[in-house]
Amino acid sequence: MEYKALIVGLGNPGSEYAKTRHNIGFMAVDALAEVAKSRKSMRFKEMGISGDFELFSLNLAGNNVLATKPLTYMNLSGKAVAAICGKYSIAVSDVYVIHDELDLPCGRMKFKKGGGNNGHRGLESIQEKMGSPNFFRIRVGIGRPEFSSQVKDYVLEEFNTQELAIAAQMSQAAIKGLNLHFRRGQGTATQFMNSFMPDLPETEP
């Protein structure tokens, strides 16, 4: 079977990271997996490479696509992406990466192709292994802590209850945006994702 694209959700493996800000990409791919035609785990060693990833086959807007969660740590994510793209002949321009973005507030997202990595180790790894920055990025905002020295701990902290509800909405918005992209093109998808605003859950008094 030929696949039109690879959707990559970035995160860290392990239950202790499941609800952390750095794992919004995993959350989005888990949401995608709920509509997947099939789900299977594949090991890099089957391709002669050490490491693991989860791989999903699904249909978006009539297109066969793959989605993956690299089960290495964030800074090695590119190994999974390069291995899958090599096996299934997917070009870097057909890779879509969903990741956390410090420079956007929680509840906002941006869709773009190429550009800088803003210090994101997962994006840097993908660019290094694929040899190009020209992949799509769905940047999901998590906000930024007050001081730069707090970033490392901040991204590994769990979302609070309100943020977790917003993250679920952002995951669904990313899925809708990808469907729009494959159905109507990049412009329509960009307009939707860049203007998306979540319904803020009510907080207890």
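Note: Cβ is positioned from N, Cα and C throughout, glycine not excepted.
Going by what Swiss-Prot states, the tRNA site holds TYR73, ASN75, and the candidate of TYR3, TYR17, TYR154 recorded there is TYR17. Sequence-distant neighbours of ASP100 (site 'Stabilizes the basic form of H active site to accept a proton') (same chain, 6+ apart, CB under 8 A from its CB) are LEU10, ARG21, HIS22, ASN23, ILE24, GLY25, HIS120, VAL140, GLY141, ILE142, VAL155.
Long-range Cβ neighbours of TYR73 (tRNA binding site) (same chain, at least 6 residues apart, Cβ-Cβ under 8 Å): ASN12, PRO13. Cβ atoms within 8 Å of the centroid of the Cβ atoms of TYR17, TYR73, ASN75 (the tRNA site) belong to the same-chain residues GLY11, ASN12, PRO13, HIS22, THR72, MET74, LEU76, ARG121, site residues excluded. Summarising the tRNA site geometry, the residues cited as binding it (TYR17, TYR73, ASN75) extend over a maximum Cα to Cα distance of 15 Å.
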